[in-house]
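Here is the structure we will look at, set down as structure tokens.
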Amino acid sequence: MVLWLQLALLALLLPTSLAQGEVRGKGTAQAHNSTRPALQRLSDHLLADYRKSVRPVRDWRKPTTVSIDAIVYAILSVDEKNQVLTTYIWYRQFWTDEFLQWNPEDFDNITKLSIPTDSIWVPDILINEFVDVGKSPNIPYVYVRHQGEVQNYKPLQVVTACSLDIYNFPFDVQNCSLTFTSWLHTIQDINISLWRLPEKVKSDKSVFMNQGEWELLGVLTEFLEFSDRESRGSFAEMKFYVVIRRRPLFYAVTLLLPSIFLMIVDIVGFYLPPDSGERVSFKITLLLGYSVFLIIVSDTLPATAIGTPLISVYFVVCMALLVISLAETILIVRLVHKQDLQQPVPLWLRHLVLERIAGLLCLGEQLTSHRGPATLQATKTDDFSGSTLLPAMGNHCGPLGGPQDLEKTSRGRGSPPPPPREASLAMCGLLQELASIRHFLEKREETREVARDWLRVGSVLDKLLFRVYLLAVLAYSITLVTLWSVWHYA
């Protein structure tokens with residue numbers, strides 16, 4: 001009987017002991033959980049059953065909207081030959097993860113948590129123009145807010161293909177696009193939007209390093225929706241147009257100014273006398289110096305397989321003008337240095353150059369004043385050559401100055417007896433020498449007069465070609481300066 005009473009009492013007390021043990025165990029567990037940091041408890045709570053391979057939406061029909069933003073930090077390089085632009089941007093993207101939401105009151109009012117990027121789902125948004133992997137720092141974490149908003153901030157070194165137009169170099173403006181799009185998901189799964197207003201993105205230069213060769217004019221944005229050729233569906237993409245302009249001061253100093261100075265020196269070289277040989281050697285030296293200058297600056301000029309900058313055409317034309325100037329100088333020197341082998345100036349050439357062209361260039365008075373002393377010198381030479389002396393003495397000699405005619409003349413006129421034969425022969429020899437001297441002086445003066453005529457023709461042609469050359473250089477320079485000014489301030 002007593003045994004039965006003990007068993008009954010034990011049966012009544014056992015459930016009570018078990019209940020107290022459970023209560024004690026729960027209290028111990030709660031005490032143990034309360035000692036863990038809230039960040040750990042929140043991280044374990046969010047990632048306990050999380051699957052990063054599944055798009056984070058509860059309704060699969062609902063697309064995930066990714067808001068993106070980009071700020072240009074620096075223009076690292078512009079490779080015109082390979083058509084590649086390297087930029088450094090601050091990239092930000094935001095999306096809502098419906099599986100990363102919590103109540104801040106349950107976790108010490110934590111509203112924001114950093115989570116490893118490898119532990120959650122991340123949209124596969126890439127840049128279509130990527131041609132190389134940049135050296136971007138690895139940011140292994142993202143921020144998550146309690147509403148489920150994920151913030152992914154990371155700097156990117158972007159190496160992209162860009163169609164660079166170098167025709168206006170060094171006053172060129174380039175427009176390169178960065179197209180952000182999902183590589184796999186259609187717009188029904190991932191949609192893309194702009195995080196900030198387009199006006200703010202366009203004028204944001206707050207972090208741009210503005211000390212380099214390129215100046216950032218603005219960043220334009222455009223949203224597009226396109227379909228692929230395989231009809232997999234429509235894809236959303238956001239384009240950022242990076243508009244940059246080259247600073248031309250360095251190239252103007254190193255390329256344009258030396259070329260301009262050499263052309264000015266070539267123009268000044270026309271003031272050397274056309275009958276001097278120094279002008280030819282001067283022009284050849286100048287042409288050689290310009291060739292060396294082009295060799296030095298050839299590495300500075302951009303080059304592509306599809307286009308040539310206008311400044312290269314400018315250098316080629318300047319070289320051609322120097323060659324034309326040298327050819328003109330050689331022609332003029334050839335005209336004025338024919339010496340005794342030259343023929344008299346043809347009448348048609350004399351009329352065309354010394355009358356028509358000289359009158360057109362207002363050079364008539366200069367030619368008249370230049371010709372006066374020559375004519376006066378010729379008159380003096382004629383007087384000195386014995387033109388008045390020989391007729392007075394020529395009657396005393398025959399054709400060769402013989403004494404026969406002199407004797408006949410003396411007898412016919414009743415003159416005094418002739419001088420001795422030796423004196424007559426000496427006089428005739430003297431007259432013959434005077435005649436030879438006169439003939440030589442006349443021939444030399446004729447040659448000099450022909451040379452002076454050719455010199456006058458060469459001088460007029462030299463002034464004509466100089467003015468034509470000067471007009472060509474000025475017209476070409478004004479055209480290029482106008483084009484470059486329009487491009488620079490457009």
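Glycine residues also receive a Cβ, built from the backbone N, Cα and C atoms like all the rest.
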If you compare the topological domain names in Swiss-Prot, are ARG279 and THR308 on one side of the membrane? no
Considering Cα atoms only, can you say which of ASN109, ASN175, ASN191 is the nearest neighbour of CYS162 (disulfide bond) among these glycosylation sites? ASN175
Between ASN175 (N-linked glycosylation site) and ASN191 (N-linked glycosylation site), how many Å separate their Cα atoms? 25
Most Cβ neighbours inside 10 Å, all chains, among the glycosylation sites ASN109, ASN175, ASN191: ASN191
Using a Cβ-Cβ cut-off under 8 angstroms and a sequence gap of six or more, which residues of the chain neighbour CYS176 (disulfide bond)? LEU85, GLU129, THR160, CYS162, SER163, LEU164, TYR241, VAL242, ILE244
State the non-local partners of the transmembrane segment (468-488) in its own chain: residues 6+ outside its ends, Cβ under 8 Å from one of its Cβ atoms. 168, 171-173, 248, 260, 263, 267, 270, 310, 314, 317, 321, 324-325, 328
